[in-house]
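Asks: Mind looking over this structure? Questions follow.
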Amino acid sequence: MAMAKNVVVIGAQWGDEGKGKIVDWLAEEAGGVVRFQGGHNAGHTLVVGGKKTILRLIPSGILHESLDCFIGSGVVVSPEALLGEIDELNAAGVKNVEGRLKIAPTCPLILPYHIALDQAREASRGKGKIGTTGRGIGPAYEDKVARRAIRAADLLHPEKLREKLDAILAYYNVQLQHLHNAEPVKAEDVMAVIEKVALRIAPMITDVSRVLNEKNKNGEKLLFEGAQGALLDIDYGTYPFVTSSNCLAGAASAGAGVGPQMLDYVLGIVKAYTTRVGSGPFPTELFDEVGAGLAERGHEFGSVTGRARRCGWFDAAALKRSIQINGISGMCITKLDVMDGVETINICVGYELPDGGKTDILPCGSDAVETCKPIYETMPGWRESTFGVKSYDALPANAKAYLKRIEEVCGAPVAIVSTGPDREETIVLHHPFA
């Protein structure tokens, strides 16, 4: 039997590109959807039949009621956030969530001391804030690398955890009390959380790597769902204004426990303009009424944090870096409709550097990006509405010209165009599973 085709969906900018909708749409054809990195620091918003659902940890395929969903080892899991999300889905009438959700035993857990340290550190930074969501993601990844993490498998034996926990809290409380003048975390409080969640989470703990490899051998298509965006990647993003995990397509292999040869197609999700949340350099950021208009029409507020997103022109030079480090096979352009009515559109095709030189690709690291001045190409916009358009031919001529120019400058084909939040409001030029 020929192996099935598998697709990785990643955010190709600074996150918030609209991955959730596209994963939900692609899930129709999948035998499993897998989260492979990140935590509950970013929300994936789905709109089905006008009904809105925000997921943070659970893969966006969960609304398809016969579909198995997986949380791989690369994800840091807040047990309380996970159960809260399951309860929300149950209340919304989604069937058999706990029966269909499988969690790798090797997932590090986010516990109260991670959140306490994350928030205390950010408060101490003053003007040097990184823009963390304060949900404990960074400290949980630190524990993983320092080999002191409490992992999902530990929930199967909570009675053995106390000794391990005492050693961890000694480390955390020294920092909380002496570096940040914050309250210490009590072992009893952490154990209370662990005991509360262990019984419900234990049945979901599964050898995710093995199940995914078996599904692949059986010819089932798999969908790997990235969180955040490539330009927030811990290695290749605008460091230190980045997230704590690898957000690239290659991370799907390690974070889900599958070989890289199982990743057949990389779909990069790309907004028709650029946004960024929190601190960090943003060469094409707009501070005028055009930027304010994009924010308003695009509802640019974080689905989890409620934070306003910064808006700017499309940055093809930044996207080039993303295409390079992810091996993007095709792009899905989202929120094209938000550009309706913008009279003149700028596309950033490169940057001027402080030494007078030029580059056509985003440099690595925050200091280098901070000094970049965008070089723009100008195109005429369109007045007609693209909202809800379902065929490429029905798009305004200038909208098609805009998409074509993005392809030419970035060097990757447009496979899908999203013209609204509902899964039906989608134009398909090339299906990733085809």
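Glycine residues also receive a Cβ, built from the backbone N, Cα and C atoms like all the rest.
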Asks: Please identify which of T53, T238, T243 is recorded by Swiss-Prot as part of the IMP site containing D16, E17, G18, K19, N41, A42, G43, H44, T133, R147, Q228, R307.
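Replies: Same IMP site in Swiss-Prot: T243.
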Asks: Given that the record lists D16, E17, G18, K19, N41, A42, G43, H44, T133, R147, Q228, T243, R307 as binding IMP, what is the largest C-alpha to C-alpha distance among them, in Å?
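Replies: Per the listed residues, the maximum Cα distance equals 34 Å.
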Asks: What three-state secondary structure does DSSP assign to D16 (Mg(2+) binding site)?
Replies: coil
Asks: Would you find the one among the binding-site residues Q228, T419 whose Cβ has the most company, meaning other Cβ atoms within 10 Å?
Replies: Q228
Asks: For H44, R307, R309, listed as recorded positions, tell me which one has the smallest number of other Cβ atoms within 10 Å.
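Replies: R307, out of the recorded positions H44, R307, R309, has the fewest neighbouring Cβ atoms within 10 Å.
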Asks: Where among the binding-site residues G15, G18, G43, G306 do you find the Cβ with the fewest other Cβ atoms within 10 Å?
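Replies: Looking at the binding-site residues G15, G18, G43, G306, the Cβ with the fewest others within 10 Å is that of G306.
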Asks: Measuring Cα to Cα, tell me the gap between L336 (GTP binding site) and A308 (substrate binding site) in whole angstrom.
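Replies: Between the alpha carbons of L336 (GTP binding site) and A308 (substrate binding site) there are 20 Å.
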